Amino acid sequence: MNRYPIQAGDSFAQLAGRFGISIADLMTANPGIDPRRLRIGQTVMIPAGPHASIIDTTKAYGYCDLTRDLAALGTAYPFLQIGSIGYSTLGRTIPVVRIGSGTKEVHYNGAFHANEWITSLLLVKFVEDCANACCNSGQLRTCNVKELFGHVSLFVVPMVNPDGVELVHGTLCADEALYERLLHWNRGSRDFSGWKANVRGVDLNDQFPAFWDAERDRRDVPGPGPRDYTGEAPLTEPEAQAMEAFTRSRDFHLVMALHTQGQEIYWNYRDMEPEGAEKAAIRLGEASGYRPVKLFCSDAGYKDWFIQEYRRYGFTVEAGIGVNPLPIEQFDAIYEDMIGLLLEGLQI
Ligand SMILES: [Zn+2]
C-alpha cells in the first residue's frame, strides 16, 4: 500500500490503469473517498498490484530496507545493474544501481550525512519510477525516460554512509568499545538523531581534497563528533575513499549529491564550475521550486572536489525544509518537488 497525492486530471480509472490494479481494488482501499469528487493534493491509498510499488515510502528508511529493496527491484526490473562501490567502516557494502545504457554518464548520491537518510529513499523511489516507466509507456511525468536512457546512464549511490544511517535509527550493531566511543563523542546522549558523520565521527562531506585545509581551519572541530569534523587528512575514511575511486572509475558529465534541508541548489565552486552551471541550476530550480544559490566559504565537499577535478557540472541539492532528520510524513511532498529536478538533471 502506498500513498499517492491526486494531481490535476487524475481519475480512479486512470490511476487503476497506471498502477495495474482494478477500480474496485482502489475503491476498497479508499472507503472514505468519493471518486467523483477528487481534490488536487488529496491522498489516496494505492493497493499492491502487479505493477505496484516495491518501495514503501511511509516508513523510516535504513540500510536493511535499502538492500532488500534493491534486490526486489533487480528481480522486477532485470535491466537494472546492481553492484557496490566498496565498504563502509563496519564492512557494509555501499550499493550502486545503474539504469540506462547511454554513453552520457550521470551520478546521483544520497545520505553522505547520516541523519539525511530520507535522501536514500528519494533516490530509490526515483529509480523504481524510472524503471517502471521504462516497462510501460516510457513516460515519467513530462519526460520520456525510455528514450532518455538510450543515451544516458544514471548511476545512483543511494546511501554513502550506511553505518551512520543505522546509528541514527538506533539499529547499529556496534561492539561495546565502539558504542562507548560513539556515546562519548555524542556527549553521553543515546539520541543520535543529530548525527551526520560516519561511525568514526568524521563528516564525510568534509573529506575531499578540495582546499581541505581551509575547511578544517574554518570548521575548527578538534576531534570526532556528530558533525563537521574533517578528519586528520582528506580521504581517510573508507566511505569517502570508495566515492572517490568510484567517481574516478567513470566519466561523469554531471554529479548531484542529495542532502537535507533548505530547498536550495548549490552549483558553484571557487569559479572552477563549467560555463553554464548557473543556467543549469536555474533549470533545476524551475523543475523543483528550489532556489539556486551561489555558495562561498565552503570547501572539501564531494561536489567541490568533482568540480575542481573535472570542471564539469556538480550540484549539491538540499531537499525539503524543516529540522533533520526530516520526518517521513514529508516524503510525498519532497518527492513531488524532487522528481522534476531529478529528471531535469538527466537532461542537462
Ligand atoms: Zn548534508
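Cβ atoms here come from the backbone N, Cα and C positions, even for glycine.
Please treat TrEMBL annotations as automatic predictions, because they have not gone through curation.
Taken straight from TrEMBL:
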type	residues	note
ACT_SITE	Glu318	active site, proton donor/acceptor
DOMAIN	2-46	domain 'LysM'
DOMAIN	59-346	domain 'Peptidase M14'
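Sequence-distant neighbours of the domain 'LysM' (2-46) (same chain, 6+ residues past either end, Cβ-Cβ under 8 Å): 52-53, 56-58, 332-333, 336.
Note on the domain 'LysM' (2-46): DSSP counts are 18 helix, 8 strand, 19 coil. Glu318 (active site, proton donor/acceptor) carries a strand DSSP state (E or B). Over the domain 'LysM' (2-46) the predicted model carries a mean pLDDT of 86.
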